[in-house]
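Just below is one structure, and these are the notes that go with it.
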């Protein structure tokens, strides 16, 4: 099958892990370039060792590479601030963009929830690591019954949080909360991230709370289980930490939530852990692994749709 050439902008943890995933194999994507800004970057050195074109001159360096005219998709694994400049340049050159930063210029995309991408879409946003891990669960509850409120808490090892992640904390919470509503289907969303300094490092753990009307608990339990299996198809280390828990609140004992008010109905609690595949990053970095796995899936879907359109 014909493949679409792609580039990765950002040679840090996320960019390098994505590089390894793409080089391990893809039916629709061929990695043609890796871009950084540090000539001594380990990610750039690994790319060169594997025969991939590199530049340490950022987006302008990418545009000067001989392979650039043939590149159809660029993955941006830098920062929300830098992405705005990168997107403008890439759009001007007719490239498709998969945004792994919280910039959220384009529509959100979560593989097991998002469907066919509109042919006019030029930029898709991968939300955040916490969003990729938790939004599928919110969506799993939403397909059973309307979710009035959803709150997620993502706890990740501080070792897995590089400078890009730390610089984007505010964007993380805003973007994730917004995507919980838009993609997950919640009436209102809230997101919290915790950088866990524990040693040895803990794997990613996520807690998802949803508030709904009183419904069949077995239906929610089955929907969550099915969604977990769907995510495991591309993130094998994604799993339930324990059984789904339920708590009912009546008018005589409503649940009080700051900033939301009183709630009467069913509270569903889902506890997850995400272990990384260990492609480049340590297995405790499941937060980064789910992001790169989802980005690869998004890029492959974009490439497949464009290649099919050209062949038609």
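Including glycine, each Cβ sits where the backbone N, Cα and C put it.
Annotated in Swiss-Prot:
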- 129: active site, acyl-thioester intermediate (ACT_SITE)
- 11, 12, 13, 14, 160, 161, 162, 163, 164, 165, 166, 167, 168, 287: NAD(+) binding site (BINDING)
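Here the features listed in Swiss-Prot are painted onto the structure.
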{"residue": "11", "record": "NAD(+) binding site", "CB count, 10 Å": "26"}
{"residue": "13", "record": "NAD(+) binding site", "CB count, 10 Å": "23"}
{"residue": "129", "record": "active site, acyl-thioester intermediate", "CB count, 10 Å": "30"}
{"residue": "160", "record": "NAD(+) binding site", "CB count, 10 Å": "24"}
{"residue": "162", "record": "NAD(+) binding site", "CB count, 10 Å": "13"}
{"residue": "166", "record": "NAD(+) binding site", "CB count, 10 Å": "11"}
{"residue": "168", "record": "NAD(+) binding site", "CB count, 10 Å": "21"}
Alpha-carbon distance [the residue listed as 'active site, acyl-thioester intermediate'; residue 162 (NAD(+) binding site)] in Å: 13
Rounded distance in angstrom between the Cα atoms of residue 160 (NAD(+) binding site) and residue 129 (active site, acyl-thioester intermediate): 11
Residue 11 (NAD(+) binding site) and residue 129 (active site, acyl-thioester intermediate), distance between Cα atoms, whole Å: 18
DSSP-derived structure type at residue 166 (NAD(+) binding site), helix or strand or else coil: helix
